[in-house]
């Protein structure tokens, strides 16, 4: 009887033991598999390493590691020696060779096909096939692990509100030393909300953006029904209205398209576009209007080139051209600005035609999380000689009509955005969204910052001071988390020490760039089957893509062709910027209308 009791206790003890993979024993992208209740095995297949925990490099791997420079060294080389890079940029063969390396080295870090999601920390058909999930770069921490980060740290993470208040909230506006402006900030928000569309009814691990990439559903609508309501069904064009001699989106009343507006917004100011949340701020509606005009402009060009084409072919081909324009602008203007490189990035799909590359993409929840760049937002928005608070700006399309697109572009080109890394620069007005980002990361059981750094071939941080580059916030973080190996991903990205004169720290760039470039170049239009003139209506359509830039987009669609770029020409804080957000009028209770979208999209 006693023997049976001992056996029963032993069995119960084993069944309640922590998953042996909770300690993340497998290194260098080796995969941990439990074998019994207290044993594990690391699968080192094709990692270039071997041994019990995949820690011993193979011969060729050892040589590669000896020769490979650190990410910070590569960044330094690319952001210095301008004279050398000017020469490289003018030698097509050399420029293409370097660009090919940039694309392949980054894309290699992204699993394709996708592997995990919020509910499956192991390979499964469901994780591969179910498009309603965001994928994951790292599997979630197992439910049977003793602590939120596996085995390290306390059984509970620090209060998210306390983390927010101590190291994330803005004391005073910190401008981006890289000179990013509000044209950049709103482009980022507008562009990414075609694939960051969290389905909050199902949970933060789910998405409503089933295209998982650059499909321009934020222009054309996620569903066929929404698309049809937005289309004119004549000459391939989208519906529009003319106000003061200029083209703007149609109204909700005229299209019967669902948009999110507070009930007090007049019907004539409820513009209807592809993304239902773009009525939130006029900066988003500005870009929505520009792309509406661009689509209809391209339709006119194709109609002249192909009078034999019907409405459907004109519409579909114009959409493909706009996808191409978007990718080119993102790589050659947007990513170019973010990188700070003297090397000129190049959009050329043919660079990958002889490489092992999969033309598919799945958006990762970590990519969504790291893109929460709310520190970009200023305390007030300056248009012409007027200054608007958050409260005045929200759901106010009348500002767009009052000033017009020309003044919007000129003003946002001049107004500097905030620095994202370095801590304490999240505006008070969006603190609820930042807190939700922390809470949702916990709900999705993200692994620690250092596990993500190792996953993307970065050395783990050994202290909070190494993370922040200073002592005050490091001390706050140590009091909150106790162990650097327990530091959460999202807060870490915002407190990480920025690279010299840069908007981001190392982790943001080294995690974000692979997701971004794989998503852009994995688009079907970049494949050998699609990337040819006939796909885009001939040489005329192909030329529209290959000559696209943020400046040409503005010139072709905004009266007067105002100068624009993604950085201010003199990266200094604007004179009208509010100095202290915590003492300004942009308090959270001033922006009650955002309650309307909290359940729909914490990305905003």
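For all residues, glycine too, the Cβ spot is worked out from N, Cα and C.
It should be emphasised that the depicted structure is a prediction, and the values quoted were computed from it without experimental measurement.
Under the heading active site, proton acceptor, Swiss-Prot lists 193, citing experimental evidence as support. Following the DSSP three-state reduction, the secondary structure of residue 193 (active site, proton acceptor) is coil.
Neighbour density for residue 371 (active site, for cyclooxygenase activity): within 10 A of its CB lie 19 other CB atoms from the protein chains shown. What Swiss-Prot lists as active site, for cyclooxygenase activity is 371, and the listing cites experimental evidence.
Cβ contacts within 10 Å of residue 32 (disulfide bond), excluding its own Cβ and spanning all protein chains shown: 22. DSSP assigns residue 32 (disulfide bond) to a strand segment in the three-state reduction. As annotated by Swiss-Prot, disulfide bond applies to 21-32 (among others), with the evidence given as experimental evidence.
According to Swiss-Prot, the disulfide bond annotation covers 22-145 (among others). Counting Cβ atoms from all protein chains shown, residue 145 (disulfide bond) has 19 others lying within 10 Å of its own Cβ.
Sequence annotations record features per position, and here Swiss-Prot assigns disulfide bond to 26-42 (among others) based on experimental evidence. Annotation note: residue 26 (disulfide bond) sits in a coil segment as assigned by DSSP. Other Cβ atoms within 10 Å of the Cβ of residue 26 (disulfide bond) number 22 in total over all chains.
Around residue 54 (disulfide bond), a 10 Å sphere centred on its CB holds 22 further CB atoms from the protein chains shown. Annotation source Swiss-Prot lists disulfide bond at 44-54 (among others).
Of all Cβ atoms in the shown protein chains, 14 besides its own fall within 10 Å of the Cβ of residue 555 (disulfide bond). Residues or ranges marked as disulfide bond by Swiss-Prot: 555-561 (among others).
All protein chains shown were included, and the count of other CB atoms within 10 Å of the CB of residue 526 (S-nitrosocysteine) stands at 23. In the three-state DSSP assignment, the secondary structure recorded for residue 526 (S-nitrosocysteine) is helix. If you look up Swiss-Prot, you'll see 526 marked as S-nitrosocysteine.
Among the features that Swiss-Prot reports, signal peptide is placed at 1-17.
The site 'Aspirin-acetylated serine' annotation in Swiss-Prot covers 516. DSSP assigns residue 516 (site 'Aspirin-acetylated serine') to a helical segment in the three-state reduction. For residue 516 (site 'Aspirin-acetylated serine'), the Cβ neighbour count at a 10 Å cut-off comes to 21, with all displayed protein chains included.
Under the heading site 'Not glycosylated', Swiss-Prot lists 592, citing experimental evidence as support.
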For residue 54 (disulfide bond) and residue 26 (disulfide bond), determine the Cα separation and express it in whole Å.
6
Which whole-number value in Å describes the distance between the Cα atoms of residue 145 (disulfide bond) and residue 555 (disulfide bond)?
56
Among the recorded positions 22, 26, 42, 44, 526, whose Cα is within 10 A of the Cα of residue 32 (disulfide bond)?
22, 26, 42, 44
Give me the long-range Cβ neighbours of residue 21 (disulfide bond): same chain, 6+ apart, Cβ under 8 Å, in sequence order.
32, 33, 34, 40, 142
